[in-house]
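Notes follow the structure.
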Amino acid sequence: MTNIGDHNAAHGAEAAGFRDLKAVHWNFEAPRLYEEALSRKEAQLARGGAIVATTGSHTGRSPKDKFVVRDAGTENEVWWDNNGAITPEQFETLRQDFLKHAEGRELFAQDLYGGADPAYRVKARVFTEFAWHSLFIRNLLIRPDRSEIASYVPDMTIIDLPSFQADPARHGCRSKTVIAIDFSKKLVLIGGSAYAGEMKKSVFTYLNYILPGQGVMPMHCSANAALDAEGGSAIFFGLSGTGKTTLSNDSSRQLLGDDEHGWSNSGIFNFEGGCYAKTIRLSRNAEPEIYATTERFGTVMENVIIDPVTRVPDFDDASLTENTRCAYPLDFIANASATGRAGHPKNIVMLTCDAFGVMPPIAKLTGAEAMYHFLSGYTAKVAGTERGLTGPEATFSTCFGAPFMPRHPSTYGNLLRDLIAKHSVDCWLVNTGWTGGGVGTGRRMPIRVTRRLLSAALDGSLAQAEFRRDPYFGFAVPVSVPGVEPHILTPVKTWANKGAFVETAARLVKMFDDNFKRFEDHVDADVRSAGPTAQAIAA
């Protein structure tokens, strides 16, 4: 095979099992990857300089097609209620078929890092069939210095072949699409999907598996830090589409990252070196920092419609999917951290997209309440972030990221609770979903309200406010906040039909109670008592 580009010649594609490849293009940067993607007609050039690719039938993740090898090493470590299993034999058959499928093809390889803290960093080598996928993952992960490449030996490997189609009978999977992880072999195989987000989430899943054993809390969150040392850092938990990227992009604070972080004894650190922002209905006025990246050379836009003549993106066009995205390096954001690291957080924000419209825009949580709501992970799946999802759907995604958590949620919940207590962190639940009614009758929470409330929480003033006890959920809600209309802080006052509000709130409370039954045997009594019904009875 022909090797083009800088790489470790002693540990090349053969080490991953490849044979008879036509060529491997190693560690290409944006200009060369643009040339390759455009000449192969994988993508188009948008006005402003970004590259635009479409992903076919898969415009979001395929969580039901994700599998973990069940072997002696994972049998008692993986949360099998939440993770599909395949046998080592099925994975090996799949691996051999992947390698056979790759014969005679040209692949692109990137040698990258997952984790900004060198103490917990993972070397991730990613082989892709598409040049634009190679640029995507290069943007999203941490790029090593060129001097490090000659001796680079990966800790994990990803092989992404969208043209490969799995055989459920042969490979033990569900469809022609497969995302299979063998933690023992430190190998991820992605086939049958061109959705680039599968690659970054595979690295995240791997880190979520290995880091708890090192005393590090892996988190599906964005993070930023105050510009002065006194303000501290903040973590924003939330499922895709709840506002993690938008709300952590704040010009008055330094951005660490928008999606994946770790919390160790030294502080918090980004897992990535880029951002993967939703662009549907993106506007220059509302989100200027993110909008500016769509006009930069090097940005990858995914499933964004562009004018066939002018090549101007139409961010309001959801004809392919609501889940339009752009992927760009962190240094495209002017206020991004150069190190991806910060001290221990002073605030934790749990973002929920309440599809019922009965939760307040912000609530202050005790440590026990924080663990309860972290394990509950109530939100709404937003249209487009998963295949087949067309409208908001109320759901409970434990740890605000169940699809990426290989271990039992209590593993992550206990780590989080201990860290909150140790560092005296203020915790907040923020509703970025609906107010004045649920989906169809209410409206989305105004982003200006959310930003004002977050500003008060992060500068420390909100913690000193007067609070009331919410009669349905039990947590503390501020009575008033400067710059926010008082009625919006009390959800029932935003509903025209008060009786419908009471019925809807009671229905959601029951959903919380029913969902948490699966965790009751894994948590202490104070956490069991932190749920809505238990607090209402106690009151």
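Just so you know, glycine gets a Cβ as well, placed from its N, Cα and C.
Now, the feature entries from Swiss-Prot:
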- ARG61, TYR195, LYS201, ARG325: substrate binding site (BINDING)
- LYS201, HIS220, ASP259: Mn(2+) binding site (BINDING)
- LYS201, HIS220, GLY238, LEU239, SER240, GLY241, THR242, GLY243, LYS244, THR245, THR246, GLU287, ARG325, THR450: ATP binding site (BINDING)
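Structural mapping of features recorded in Swiss-Prot.
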residue	record	DSSP class
ARG61	substrate binding site	strand
TYR195	substrate binding site	coil
LYS201	substrate binding site	helix
HIS220	Mn(2+) binding site	strand
GLY238	ATP binding site	coil
LYS244	ATP binding site	helix
ASP259	Mn(2+) binding site	coil
ARG325	substrate binding site	strand
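Checking Cα-Cα distances from HIS220 (Mn(2+) binding site) against the binding-site residues (ARG61, TYR195, GLY238) with a 10 Å cut-off leaves GLY238, in sequence order. The Cβ of LYS244 (ATP binding site) has CYS221, SER222, PHE236, PHE237, GLY238, ASP258, ASP259, LEU351 as same-chain neighbours under 8 Å, each 6 or more residues away in sequence. THR242 (ATP binding site) sits 14 Å from ARG325 (substrate binding site), taking the Cα positions as reference.
Neighbour count (other Cβ atoms within 10 Å of the Cβ, all protein chains): 24 for THR246 (ATP binding site). Looking only at the binding-site residues ARG61, TYR195, LYS201, ARG325, the one with its C-alpha closest to THR246 (ATP binding site) is ARG325. Counting every protein chain shown, 27 other Cβ atoms lie within 10 Å of the Cβ of SER240 (ATP binding site).
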